[in-house]
Amino acid sequence: MSRNRDYGKSMHQLIGEMYPICRSITGNGVRETLEIIRSRIPLEVVEIPTGEKVFDWQVPKEWNINEAWIKDSAGRKIVDFADLNLHVMSYSIPVNKKVTLSELKKHLFSLPEQPGLVPHKTSYFSEHWGFCMTHNQLKALEEDTYHVYIDSSLKEGSLTYGELFIEGETREEVLISTHTCHPSLCNDNLSGISIAVHLAEQLLKQYQLRYSYRFLFIPATIGAITWLAKNEKVVDKIKYGLILSCLGDPGRSMTFKKSRSGEADIDRIVEKALSDTKGPYEIREFEPVGYDERQFCSPGFNLPVGLLMRTPYGEFPEYHTSADNPDFVRPESLADSLSKLEEILYIIEHNDSYLNQNPRCEPFLGKRGLYSLSGGKNKTNIDQEAVLWTLNYSDGEHSLLDISRKSGLSFRNIARAAEALMQIDLLKPAE
Amino acid sequence: MSRNRDYGKSMHQLIGEMYPICRSITGNGVRETLEIIRSRIPLEVVEIPTGEKVFDWQVPKEWNINEAWIKDSAGRKIVDFADLNLHVMSYSIPVNKKVTLSELKKHLFSLPEQPGLVPHKTSYFSEHWGFCMTHNQLKALEEDTYHVYIDSSLKEGSLTYGELFIEGETREEVLISTHTCHPSLCNDNLSGISIAVHLAEQLLKQYQLRYSYRFLFIPATIGAITWLAKNEKVVDKIKYGLILSCLGDPGRSMTFKKSRSGEADIDRIVEKALSDTKGPYEIREFEPVGYDERQFCSPGFNLPVGLLMRTPYGEFPEYHTSADNPDFVRPESLADSLSKLEEILYIIEHNDSYLNQNPRCEPFLGKRGLYSLSGGKNKTNIDQEAVLWTLNYSDGEHSLLDISRKSGLSFRNIARAAEALMQIDLLKPAE
Amino acid sequence: MSRNRDYGKSMHQLIGEMYPICRSITGNGVRETLEIIRSRIPLEVVEIPTGEKVFDWQVPKEWNINEAWIKDSAGRKIVDFADLNLHVMSYSIPVNKKVTLSELKKHLFSLPEQPGLVPHKTSYFSEHWGFCMTHNQLKALEEDTYHVYIDSSLKEGSLTYGELFIEGETREEVLISTHTCHPSLCNDNLSGISIAVHLAEQLLKQYQLRYSYRFLFIPATIGAITWLAKNEKVVDKIKYGLILSCLGDPGRSMTFKKSRSGEADIDRIVEKALSDTKGPYEIREFEPVGYDERQFCSPGFNLPVGLLMRTPYGEFPEYHTSADNPDFVRPESLADSLSKLEEILYIIEHNDSYLNQNPRCEPFLGKRGLYSLSGGKNKTNIDQEAVLWTLNYSDGEHSLLDISRKSGLSFRNIARAAEALMQIDLLKPAE
């Protein structure tokens, strides 16, 4: 518990560190963010040059920004990028001119229904410029001549992403992917980044992992497309995959959006992990709108990749606004999300199929040193019911996950029983 | 809407025209009805002679009737076929004699629980005579000598049915069948006949149909058996089939009784069409009681034929009584039923499977002239979500119908997206 | 009804006769019980010697007991085996010594939450001694020197069980198994024994049985393991199996715990029989805890064996206590349970698949002497709907059980229709 509380604080702190940086789908903000991550885990930072063809797309020009503001005729800055990077539409081209209020308004974005919040806007694939402000501020603007100034650049450069591969006993992989393209927004998606970093730190400390783990820190859509285009040979190794996003909000319920097949092992594992751990959760079917599961689950790949969240994107009012700030994400939510992920990984690492070596009738557990079991619970903490379920269904057709789902007992309970039965040779690995 | 209102009136008018005719499973009333239909659509009228073997059955003798009444001893007609043809039991043999009240009562039918209504009775396959009257009238009959007179004939002749075949691009067929054997009863089944006629008129106007359409206007049971016996070679071409009946009553809900398999394309198409259009509906499983689906879905044929109704037969109190008259069926109900049928046919005509030509990751829609899509809805009225669903699931395993069901989007929405994607070569037909 | 009332009384009387006997998993109490059964049905009594290896187990030593009591220092018997055999823990080793209260208490068992009842305790596979008493009595014990005396023996001997095989037309078998190891406990399981005896009596009276029937009267767990070890060749013949237990309690609802597969014919048959007969019922999934279904449904056998009960074991407060006495089981409950079993056997004996000999369209039932059917019910008590369902689905893919389930009509209704259709050659057996 206190371990989790510490992790929660640590994850929240990392979010605070990354929060001020102006990220986009390319540019120095991404590089700066990946540097922070690389100070904690041995990330490989990859640069893919502008113009490179990635499936049906091309890597876009790189965008960077130094300064941006609007001044009124009295020279007062009415919005300033230096205050909040959301004030500038991401990928805004350079501009430096004086405009009337009505001309200015064509380039202003606000949220009439959330008049106190600044929206997040982007224009990645068509060249525009724009500013975002609160609707209250916009309504108060008077007729005037405004000086708009954006010192940005949109040039040949590269798309930057980070990748960490942790090799396990087999080359079969667990993919953990999280998007890095959002500017000062915390739940979407500094929460996903921070949790991924902490999870990677934990895995790096373990000297034995059954599966290999691949962490991706990539810009959404174009980043996933780029990575897939560059790593087609890796794709077949992906046995389980999770996109991490929106994992720090105060919502109590976890949400899992299943993979495209809806019946992949990852889908059943996440559902069991969420059911075994405390707290509400919701399982949703795949749909081809959302985050990078759109690319990993495109029909040509159809990978077993789902999306893990707390409150889903677009369903919390702070989504894509200035209210998605460090106060909105909570250490205890981050810690709870991480503990759910750990449970998922526990099942991934321990799920297997065994064969009951004494399949005809029950074995005589008493003479095999499991006698104290027969009355129910015992001091080894191995549940007698779990032993009987594990024996009965270890028939080569049911994995431990299947058995735990069928019995309604927790996966850990079944896995412990299987471990004890292995030790007395009543179970053997299935093939 | 005004088009539909016009159709509703026109269908109701046609019902009014056919209402007075005394139809049965054979005879001149059927011929007269088919003549009226043939004045609107190029029906082939088929005569199958009495005695012809049709599977386990024989075509029965032809029945005709000129006049029928009961007079009391004072010579007053107490019921008269000329007033309402329901007064005579269908297939009554000729009779001309004087009988006591108690003898007469053996041949009278009424509805004690609906004492103001005249029932519809038949005796097709055993030779009897009988009269139908209101229970109020029956109760009021006094001891007297009654003169019963039925000027009917039951002779060698033929069974008459109508058939219209509209050839489409393929010889695969859509079967629309409706029964013509009921006398002055409107919902069951002049409604089905009138809607079939109007639907045929619409299809005849279209210069391009994907499927061929076969309309049958046949007496129930023996007509379906006769047609199937004479058309065994056609049967394999039937890809979708609908029986039309009880489609004009004021009930708001549509009812679809599925085909025997319960999982035929027609079952899924009708459910989707009813779900996409407004108004309540109910889907029922097949059972081997009902109308001609009993024959089309007999195990030796097992055709994909369902039954479309509003309020199901036997579940409205006017069923098989004199209350099933022109006032009971409504122009707006007929129009609504027709519009549902049109939606079903729209799906039949447009359902197909496509292959996404860019299956790995999403295509870059922007550069392909679908850029305005990416924000959501656009002026081409093609929904962005529908585009993404159609791309993702056009994998050779999902038809547009499958995709529309999976996404919860309307079939038309998906079909429009598919059309737009075909035009920019992102989809190709799957075949 | 009066037949059932008589059976109820007779079953209750047999329970009363067996009640005083001290049964265990071995010993003379079992032999005495089997003798009573053998006075009614021609049971084969089998003795398997101590030490014989049965799969992973060994047949245990035989336990017998003559006398047992505790006396206080004044020589008063405070509990006496002669009053109630539950007072001695089953398989208690001999003891004859004086002990302090605190020493005594280590060997006493009671039910603090049911302070007026004596519990049932066993120690089959580890050598202990113990007494059971009410918690009220235990609490009232004062400091004293107590004389504990158990005149029992635990020696080489044998395990005794009873078996009755009734040969039918085929060697395919219906297994009826019931456990005989409980001392003076009525619902668990003299009720199962008594019902099995009466069912066997009925079957012995029938001169024609389609299936063979095998009745087992065996000690739980070790008895089932022993029988399976000795009868592996028989196992393949078991087509349907039922464990009988807890069938006399006043609970109104029947409970059926399905076989391991959950989709065996026995599972569907019992559900249909319980649905066709009146009264509530509950169907539960298999779990590898319970009675001898644990052994019959171990993965190496995986037999189609379920467990039929009224109130499930462990879910009535009298379970495994002195309150499970002859007053707790009711003649009317026993009779009701037996009538449910009879319905199950009726379906087992009559379920079959047929082929409609006139599969294209409905046959003309009128000309085949089934004319009176066509109006609905008739004096032959064969339902017209059942005839149509049976004809339509006798396609080689549906058994009568399938048809009865699909139609919602009772199995007997469908079976009668099939019988009538067989007689007029419209059905033939499917293979």
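Please read every residue number as a count from 1 along the shown chain.
Placed from the backbone N, Cα and C atoms, the Cβ positions cover glycine too.
For A:His182, A:Asp188, A:His320, the entry in TrEMBL reads Zn(2+) binding site. Classification of A:His182 (Zn(2+) binding site) by DSSP places it in coil, neither helical nor stranded.
Annotation comment: TrEMBL describes A:12-351 as domain 'DUF4910'.
The domain 'DUF2172' annotation in TrEMBL covers A:62-153. Each residue in the domain 'DUF2172' (A:62-153) gets a DSSP state, and the totals come to 14 helix, 37 strand, 41 coil.
Annotation comment: TrEMBL describes A:354-428 as domain 'UCP01524 winged helix-turn-helix'. Taken residue by residue, the domain 'UCP01524 winged helix-turn-helix' (A:354-428) breaks down under DSSP into 39 helix, 10 strand, 26 coil.
Of all the binding-site residues listed here (A:His182, A:His320), the one with the fewest other CB atoms within 10 A of its own CB is A:His320.
Sequence-distant contacts of A:Asp188 (Zn(2+) binding site), defined by Cβ-Cβ distance under 8 angstroms and a gap of at least six in the same chain, are A:His182, A:Ser245, A:Cys246, A:Tyr313, A:Tyr319, A:His320, A:Asp324. In three-state terms derived from DSSP, A:His320 (Zn(2+) binding site) belongs to neither a helical nor a strand segment and is classed as coil.
Close to the recorded Zn(2+) site, the chain also has A:His120, A:Leu185, A:Asn187, A:Asn189, A:Tyr313, A:Tyr319, A:Asp324: residues not among A:His182, A:Asp188, A:His320 whose Cβ is within 8 Å of the site's Cβ mean position. Across the domain 'UCP01524 winged helix-turn-helix' (A:354-428), mean pLDDT in this model comes to 88.
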